[in-house]
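Participant: Before we start, here is the structure in question, set down as structure tokens.
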Amino acid sequence: MKLLSVCAVALLAAQAAGASIKHKLNGFTIMEHSDPAKRELLQKYVTWDEKSLFVNGERIMIFSGEVHPFRLPVPSLWLDVFQKIKALGFNCVSFYVDWALLEGKPGKYRAEGNFALEPFFDAAKQAGIYLLARPGPYINAEASGGGFPGWLQRVNGTLRTSDPAYLKATDNYIAHVAATVAKGQITNGGPVILYQPENEYSGACCNATFPDGDYMQYVIDQARNAGIVVPLINNDAWTGGHNAPGTGKGEVDIYGHDSYPLGFDCGHPSVWPKGNLPTTFRTDHLRESPTTPYSLIEFQAGSFDPWGGPGFAACAALVNHEFERVFYKNDLSFGAAILNLYMTFGGTNWGNLGHPGGYTSYDYGSPLTESRNVTREKYSELKLIGNFVKASPSYLLATPGNLTTSGYADTADLTVTPLLGNGTGSYFVVRHTDYTSQASTPYKLSLPTSAGRLTVPQLGGTLTLNGRDSKVHVVDYNVAGTNILYSTAEVFTWKKFGDSKVLVLYGGPGEHHELAVSLKSDVQVVEGSNSEFTSKKVEDVVVVAWDVSASRRIVQIGDLKIFLLDRNSAYNYWVPQLDKDDSSTGYSSEKTTASSIIVKAGYLVRTAYTKGSGLYLTADFNATTPVEVIGAPSNVRNLYINGEKTQFKTDKNGIWSTGVKYSAPKIKLPSMKDLDWKYLDTLPEVQSTYDDSAWPAADLDTTPNTLRPLTMPKSLHSSDYGFHTGYLIYRGHFVADGSETTFDVRTQGGSAFGSSVWLNEAFLGSWTGLNANADYNSTYRLPQVEKGKNYVLTVVIDTMGLNENWVVGTDEMKNPRGILSYKLSGRDASAITWKLTGNLGGEDYQDKIRGPLNEGGLYAERQGFHQPEPPSKKWKSASPLDGLSKPGIGFYTAQFDLDIPSGWDVPLYFNFGNSTKSAYRVQLYVNGYQYGKFVSNIGPQTSFPVPQGILNYQGTNWVALTLWALESDGAKLDDFELVNTTPVMTALSKIRPSKQPNYRQRKGAY
């Protein structure tokens, strides 16, 4: 493209001016909404124009992270996650609600304990985090059924359409959940500022009406009727314009879409496919919804990983810190005003809540690990970007222009996208034209500034863009009234402290940078080396040039101190808001941003507040760490770190410096091998004496499932009988006539499922599973049978969750689990009479604390023996490391004590060894919560983190395992251990354990 004409630049600048009312506060320019009509919608707190949201009258960039409370069933840990996201510079969290967990039985909505939303709202409010509520009814989310409860398989209507049967099925759930969300809205003093009806309503087939305005309007009306008054936003799966404002019935207030541009090939984490970097989002936005702020409701922050995949460490390497630099700054180049990163904390698919395409871990390669660590470099990189945006309110006033390979950079190897302001600052996003490039490219810039068009660097040398990197260069950037004419180094943050100002800049290793400040003052290097540093006055501007060094420099120009850092050093800096007390952190606003301080402190800084003459920091440490406070208020004299008064020194630049000594505690964990394991055969169904008279009969002549018609005399679809989760067991009775030689059975459990079949006590064989197979047809040869004798076929199926329902019209979620068809050679199918079971009670599930999906249909699960304190004293002593000598399923339980010192966040993991060739499957229960499904022959997961609150760090714990040997030689665990990673000295409040009801004899258990 050729250089933008003067007219084009002027047009962009004019658009950037907008028509907002503005006033000054602490050096910030606050932009208030200019349109009274949009202030008086259903509420006055959250409004918008074409550039951004306004919250409480202030223009605000929403930088958000996706978190699912149901994937961390310890409510007292939610604050920890919120504080770590707040520390990124973010101001919002988006969350799904999983319908399947709240309405396990039609008409019975239950949202208590771990499933209650109110504690999630309270934690968000305490951390100063706004919320975007996304309760569906459909969520996708890699959740079982896409969040749909299994009983929807029986709905006589097409899902996600205006079919009356489906709409009626959603009424109870949405009425309850939306009413709960409504109570948490900003209008009621809560954190919820946006509400999303439906999710990714973006594609259809099979003659379904689409897009169906009547359907979307129904979902919207459900929310509004329940009290939702905040703006409604949608999440289109691409820039398709579905339900955008102006499209008529079913339109939302604000249009948004998602994007996962790098894809999900974690097996090749270094491969960035050609052409995958978005380039048209600005044009798409102006086409689809030009009157609303540009909104990316889900932008890639990691990747899912299937059964048999490379693992989430590889996913974190795929969507890594380099990805963030290139892709997130590219999002900024389009003027993104609502940017939500999916996932920022992934969590765990505990208790069978995941879909068949994934395993127990939902780490997602996110910035926060599954165990809530912030040790991935991508977390630190994201903190640089988040705090830059937070400190740059003029970004929202700049108008994005077209990307170009000429006119700004002096090489076509680089592409520059301008965001031009009108006296409010401009931004220039630079990347490689071939975004996959790993070359280091030298360049100079031609920048339009208030001092004219300048070629940068002015003092000689060149800039460098390293491979898989991107930069945001600022022009006429306002730092509390001081004009930064330009900076090639990137801005981390800036602050005004009393009569001085601080600007923090950073660059990559070995880079050369230049800064120009519209001041006449002299330049002083007040800390660090003068080598490889030059400065010059050019008319009314001071120009400074330097080579990036690992050693910090502080340069003073007038009342402005400029911290020059390398990127790795910048990772250690934090910008906590300065709160009034320790009760809560304020929401992000111009005022709270202006009152923040800057802290250098390593692993994590959570909060800062003043009380009397003291400055109080709450922070976490994973090593001995130097601590510095930049901008301590003038009225404080004492420093407290995690409540302890700390001595400090004050240098000539007013920086407080001290240190925190780290000495890891000795963590003594029990040996799992040495526990007093008790054993129970949890497949008594194959014993000749077993009585299944109490079991539900599979006696339905028809199926209500509209997706798959019956091919059997009776339905064997598990959801027809209310069984939607975990292991299924079928028992088929027949009287032999002597001709039976084979049994064919087609079972379906979802990707990577397994099954085993017995005839009486004779093992016939197993399908050990493959990720590629959601169902499988097996043929088993029968032993010789005697005419007139009774026989029982026992079929065990490991179901892996219900399919998602992304494409409207497919009703894919209705794909049944269980036996799809069977044939007993020489006999009619009606010769077999079937019974089946899943979890005890099915939809009348027994454990209301752990929810409707947590347990399956094995004998020990039906009895509740997986819970603490089962009646195991008289059971046989046997270890899962000795295992089973033949096919079958064993149940093992043991107790152990932990004594983890308080004040330490110690991630714990149950690790399985895996060197045997025999296929086996394990379920891991911890204090009654199913926290792992291990499949030896598929993987990849062998390490299962379990959080404090599920594990009792100071007290007694119960661990239970189900071990399913699928092959004739049996199976045993190669190894099983409880391990920890680096203890973190934490300011985290005391963790309250989730409820862990003990075993009680269950009425009607069979």
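Just so you know, the numbers here start at 1 and follow the chain as drawn.
Even glycines carry a Cβ here, placed using N, Cα and C.
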Participant: Taking Swiss-Prot at its word that ASN140, ALA141, GLU142, ASN199, TYR260, TYR364 bind substrate, choose the one of TYR96, TYR427, TYR435, TYR443 listed for that site.
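Facilitator: Among the candidates, Swiss-Prot records only TYR96 at this substrate site.
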Participant: Choosing among CYS206, CYS266, which residue does Swiss-Prot name as bonded to CYS205 by a disulfide?
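Facilitator: Within the candidate set CYS206, CYS266, Swiss-Prot assigns the bond with CYS205 to CYS206.
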Participant: From ASN373, ASN980, name the one Swiss-Prot lists as N-linked glycosylation site.
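Facilitator: According to Swiss-Prot, the N-linked glycosylation site annotation belongs to ASN373.
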Participant: Roughly how many Å separate the Cα of GLU142 (substrate binding site) from that of GLU200 (active site, proton donor), to the nearest whole number?
Facilitator: 13
Participant: What whole-number Å value do you get for the CA-CA distance of TYR364 (substrate binding site) and ASN622 (N-linked glycosylation site)?
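Facilitator: Approximately 23 Å lies between the Cα of TYR364 (substrate binding site) and that of ASN622 (N-linked glycosylation site).
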Participant: Using a 10 Å cut-off, grab the number of neighbouring Cβ atoms around the Cβ of TYR364 (substrate binding site), all chains included.
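Facilitator: The Cβ of TYR364 (substrate binding site) has 29 Cβ neighbours within 10 Å.
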Participant: Report the largest Cα to Cα distance, in Å and rounded to a whole number, among the residues TYR96, ASN140, ALA141, GLU142, ASN199, TYR260, TYR364 that the record lists as binding substrate.
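Facilitator: In whole numbers, the farthest two Cα atoms are 19 Å apart.
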Participant: Cα-Cα, whole number of Å: ASN199 (substrate binding site) versus GLU298 (active site, nucleophile)?
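Facilitator: Each residue's Cα considered, ASN199 (substrate binding site) and GLU298 (active site, nucleophile) end up 10 Å apart.
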Participant: Can you tell me the CA-to-CA distance separating GLU298 (active site, nucleophile) and ASN914 (N-linked glycosylation site), as a whole number of Å?
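Facilitator: Between the Cα atoms of GLU298 (active site, nucleophile) and ASN914 (N-linked glycosylation site), the distance comes to 36 Å.
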Participant: Can you tell me how many other Cβ atoms are located within 10 Å of the Cβ belonging to CYS206 (disulfide bond)?
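Facilitator: The answer is 11.
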Participant: Please identify, among the binding-site residues TYR96, ASN140, ALA141, TYR260, the one with the smallest Cα-Cα distance to CYS205 (disulfide bond).
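Facilitator: Nearest candidate: ASN140.
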Participant: Which of the listed binding-site residues (TYR96, TYR260) has the least company, meaning the fewest other Cβ atoms within 10 Å of its Cβ?
Facilitator: TYR260
Participant: Find, among the disulfide-bonded residues listed as CYS205, CYS266, the one whose Cβ has the highest number of other Cβ atoms within 10 Å in the structure shown.
Facilitator: CYS266
Participant: Would you identify the secondary structure of TYR96 (substrate binding site) according to DSSP, in three states?
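Facilitator: Going by the DSSP assignment, TYR96 (substrate binding site) falls within a strand, counted as strand.
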